[in-house]
Amino acid sequence: MIKLLFYLIAKRRLLKVKIAIVGTGYVGLVSAVCFAEKGSRVICVDNNEEKIKQLNKGIMPIYENDLEDMLNKNKCSKRLEFTTDLEYAVQKSDIIIIAVGTPMLPNGHADLSQVESVTENIAKFMNEYKIIVNKSTVPVGTQKKVIKLIRDNQINEYDFDVVSNPEFLREGTAIYDTMHGDRIVIGTDNERARKIMTKLYANFNQSIILTSPENAEMIKYAANAFLATKISFINEIANICEIVGADVQEIAKIIGMDKRISPEFLSAGIGFGGACFPKDTKALIKFTEGFGYDFKIVKSVIEVNENQKTKPIEKLTNALSCVKGRTIGILGLAFKPNTDDTRESPAITIINDIQKLGGKIKAYDPIVKDIDKIKFDNIEYVDTAYDAVKDVDAVILVTEWDEFKQLDLKKVIKLMKGNIFIDGRNIYKYTKMFKLGYEYYCIGKKDSQYYKKSR
Ligand SMILES: NC(=O)C1=CN([C@@H]2O[C@H](COP(=O)(O)OP(=O)(O)OC[C@H]3O[C@@H](n4cnc5c(N)ncnc54)[C@H](O)[C@@H]3O)[C@@H](O)[C@H]2O)C=CC1
Ligand SMILES: O=C(O)[C@H]1O[C@H](OP(=O)(O)OP(=O)(O)OC[C@H]2O[C@@H](n3ccc(=O)[nH]c3=O)[C@H](O)[C@@H]2O)[C@H](O)[C@@H](O)[C@@H]1O
């Protein structure tokens, strides 16, 4: 009974910890909603006034499964608020989480200017002890820089701690990943911060890993670089499979049965894109170069990935003697399914290359409707997948949306002018496609041409 009472008091205290999250992007907004769902009060801050206006009206700035319902529910329960006023958020909160962007600079380094500017302002607005948590992906040593920046910019010398708490969610499954993550990494050398952070995450029921700030920062880059390495590795195996007539999906399935390898992240395709793998692998190379280290594996991972993005064009130019004046239907613009994010999407490279060759584009994506997001001129954006394949000479499937897995492929070939289908994500069976009359090309398998010859 007494134990239960202590537990309830501790839980109540924990729920009273007020959190501010700076940056309402994929990471900040999802984290805010999940903390609120677990009972914390969260103030979300962004310097994008339009975004905050939209969020206050209940309009989602990003597409993410389950986000809207959970956000509106917690907003109604007064556990979530949205503001552009950082001073208010800092002064009303015990923990301030930084979740702003760390995009790639033209020289490949991570651009820390958003993190730095937010840190300087947090320092100015501090009115008592605060824990500043960095969730943005940053090079090793940033936690120490943040400490120095706060000291240099504080008006009064309030006590504070800086914690590194890297994020591992994936876009498209971000809410699920946050609620059911494999681990929560908390990087701090300070006992007071460690206790508060452990309490903050206690009711997420996930393994909490307490480590140093340097380890936490390195874990994030190592995790992303390793996952990117798996993808480039299987893509190279796919390229060899095409030469020797083996099937990469079969190989991935069977090597993945070995627990040391695991079946995850072994889907061969047209390369990884997105807001993180491309920039984080480059940032890792750049910051290790600063110590005179030549990170050969990660350099190759990037090189393989760049080459993989050109595979659909290689197949297209082999199949069509001339791309000039031909119309190509593009299925999918997002860098992966279930997101509206087109950052570093392979679709961008593919569309660019087709346009350079003088081809015309018809494009469809179930969610990416905002032309500004993909920033291409002279593209016909259509409303359905069937519109995108109508009268085209060839189709390239870029994103493996479920909707494309359900397409009526008999109808598709009837609508097309030609019969060339390049499946960048291996979602169809080449035997079926061949029977339907397609000249079908996929990744890492005998394509229809090989199949024809070997029959
Ligand atoms: N997108 C993802 O799936 C993941 C991203 N990360 C990392 O998390 C960080 C954030 O990534 P995303 O959420 O994708 O970025 P994002 O670009 O979607 O969102 C960043 C937000 O920060 C806001 N912002 C920028 N400067 C600000 C300032 N001075 N004051 C207030 N708000 C400001 C922007 O307006 C924007 O809404 C990056 O370091 C990224 O590498 C980590 C894991 C997953
Ligand atoms: O730091 C980040 O931002 C995040 O980066 C990735 O998440 P995300 O980029 O959202 O998506 P993934 O599912 O990892 O896919 C990344 C890219 O790899 C490609 N991919 C993925 C898996 C695979 O087997 N094959 C493959 O080509 C996808 O098509 C996509 O273009 C990581 O999976 C997250 O753990 C990490 O938090």
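Using the three backbone atoms N, Cα and C, a Cβ is placed for every residue, glycine included.
According to TrEMBL, the residue from THR102, THR198, THR211, THR310 that belongs to the NAD(+) site alongside ASP46, LYS51, THR137, GLU171, LYS279, ARG343 is THR102. Site annotation (TrEMBL, ligand substrate) includes PHE168, LEU169, ARG170, GLU171, PHE265, LEU266, SER267, ALA268, GLY269, GLY273, LYS336; from LYS124, LYS130, LYS220, LYS375, the additional listed residue is LYS220. Each of the binding-site residues ARG170, LYS220 was ranked by the number of other C-beta atoms within 10 Å, and first place falls to LYS220. LYS51 (NAD(+) binding site) falls within a helical segment according to DSSP. In terms of C-alpha distance, the listed recorded positions PHE168, ARG170, ALA268, GLY273, CYS276 place CYS276 closest to THR102 (NAD(+) binding site). Ranking the binding-site residues ARG170, LEU266, ALA268, GLY273 by the distance of their Cα atoms from the Cα of LYS51 (NAD(+) binding site) places ARG170 first.
Among the recorded positions GLU171, CYS276, ARG343, not one has its Cα within 10 Å of the Cα of LYS220 (substrate binding site). Note: the CA-CA distance between GLU171 (NAD(+) binding site) and CYS276 (active site, nucleophile) rounds to 10 Å.
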